């Protein structure tokens, strides 16, 4: 099993979204984007929001793709460059490659160290800088799969089994998608005329769940998501909890890979508009743990949209509200945003592990869907 | 790797009983789905349910302890009651027996076991045996029962089994018989090996020169007919319920091939081939019958199936004999037949030993290789025909060119006609 160079093995930054202090700064940052732009200096995301227009960020993505493709052989380029079709866009999965086999693109095991470094630079350009999210999270998730490979999963697992694909030609005109994914992981950034038209479906899952060591690094990917989502449920009163509780058992996500454009017609759960301001802040903070996976400027734009729709957003859950045991499930369903987090039984290891998906009912696949 | 046991539940037509068992552990990454497999009979239907035990526990609220087979058996009636509450076919009454006037081939399955509670669960429904619909020995998908994520409702599954007729059932059994011999390398090898020395005469206790064509054809016909009579008898008896322990039958089939191979090398029952063919036909017929009993047929369907299946077997047997015998009879007159016969008999003998070992419990590469012969048998037939046609062409060449008698050249060729020398 090839291991990735150091750039893919990050040191985990321990700060988590557990404290209200962090939540406060996130909220301040987001508020800043809608009111007095440029005044907030508390977080990287708020700073970049106020200074960098979205188009510049996308432009740098095209430049980053060119820097990466310059390192590749013609055979590798042939694998990397795929047609922009809905079929290719939908060819992602949460399953390990040995069971999915649908993925298109260039497999990471085909890349040498310098090519992997170039890929890392590209991924950094499209992902966020928040600790525990974005690029940091990607590195931790790949470490997790290397951990699985070393601890009973075997060669079907590990960071060499991930794929990078360009659907369409990266350009500031027309539509193309940057697709990166593998076991428990899918990034789907669709760019139209140089602007990020959609950052979803975005899948995150991890086994082992919790803190683990891999190649000398400490990792705990998706802990920030779990903590932020559990904080939402913990803040609800008994009455709010009972209106948030779903009927039935959720053993998996509802909008799993392949279940595209199948958003429920009716919202379920408790409406965020009925919650107190601090509870709303917790919901937005939880959403931010997903949105902040993409680059800071784009994340701020999307988060502002979700914030404007927050009152029309619903939170629902099933199982335990701690979100730690099998069948514990939470959903955030807004006019655009759709986030699900599901605790499931272990596959390679004992104990529970989460699957999670962030979708957007208007901009999944950049809005591309079957006519 | 953790395992999740599956419960196998059989809802028997007309009988309010559930048979519980634990099926082979599923791979952990396999999607947690239930399956419903329908078996369609004359007047009723069986449905076999496979439900992940952990999902059954979650959905039913029945505590199955460690979720072992014994735990399942201990809660048999509670599980049955739970399933009965969530499995009520629309146009059928208890246990899938259609009420008078209801269409037994198109109905709402009325199934929401587990799905009613586990929102993310899916149930895959298929039909495995549907004789009059032409579904035998292979499953046909009917649909999936799951919650529509948009509406949140479980969409009812309408089972549409399509048109049905006795003719469809009969012809599907004929083609099953055909494929059974086409894929049944061991049956083909037994018959062919038995026929290998049939075009030869015995002299001084050894296989000698070629028999007269008329004699050879008679012998081939009698061996083929004898084998047919033998396996027809036990096919019928087996299908009607004669117990036939398949491991023993399969082992005996390997023995029959081995004996035929020895006989092809050195005559051990010359002149009594028909008797031996009948005896071993009885053994092979018991193997054929296992296929029919697996279809769980009765009454008129069983009679028609026996007829159709046997007809298919005979047809494919005749096709194999017609394809292989003519070139063998031609080649039997050449000096190259002896090495060909010995090589074929030895190869068959080795395959038979491999099969015998495998069938008494010792898996081996020889048996696996022999199972793969099916793929190359077409090429063997082509090679046989090319060889035979080459011999014929070589013998005829002088006749067609000069019109002179070929006799003089024939003595120099590889073809010998002992009965002509004698006359």
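Cβ atoms are placed via backbone N, Cα and C, with glycine included.
Heads up, TrEMBL stuff is auto-annotated, nobody curated it.
As written in TrEMBL, here are the features:
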type: SIGNAL; residues: B:1-28; note: signal peptide
type: TRANSMEM; residues: B:189-208; note: transmembrane segment
type: TRANSMEM; residues: B:220-242; note: transmembrane segment
type: TRANSMEM; residues: B:248-269; note: transmembrane segment
type: TRANSMEM; residues: B:276-297; note: transmembrane segment
type: TRANSMEM; residues: B:303-328; note: transmembrane segment
type: TRANSMEM; residues: B:340-357; note: transmembrane segment
type: TRANSMEM; residues: B:377-395; note: transmembrane segment
Whether the transmembrane segment (B:248-269) meets the transmembrane segment (B:189-208): three or more C-beta pairs under 8 angstroms: yes
Tertiary contacts of the transmembrane segment (B:340-357) (same chain, 6+ residues out, Cβ under 8 Å): 186, 189, 193, 196-197, 200, 207, 251, 253-255, 257-258, 260-262, 264-265, 331, 364-367, 369-370, 373
Stretch among B:189-208, B:220-242, B:303-328 sharing the most Cβ pairs under 8 Å with the transmembrane segment (B:276-297): B:220-242
Within-chain partners of the transmembrane segment (B:189-208) [C-beta distance under 8 Å, separation at least 6 from its ends]: 215-216, 219-220, 223-224, 227, 253, 256-257, 260-261, 263-264, 266-267, 270-271, 273, 276-277, 280, 284, 317, 320-321, 324-325, 328-329, 332, 337-338, 341, 344-345, 348, 351-352, 373, 418
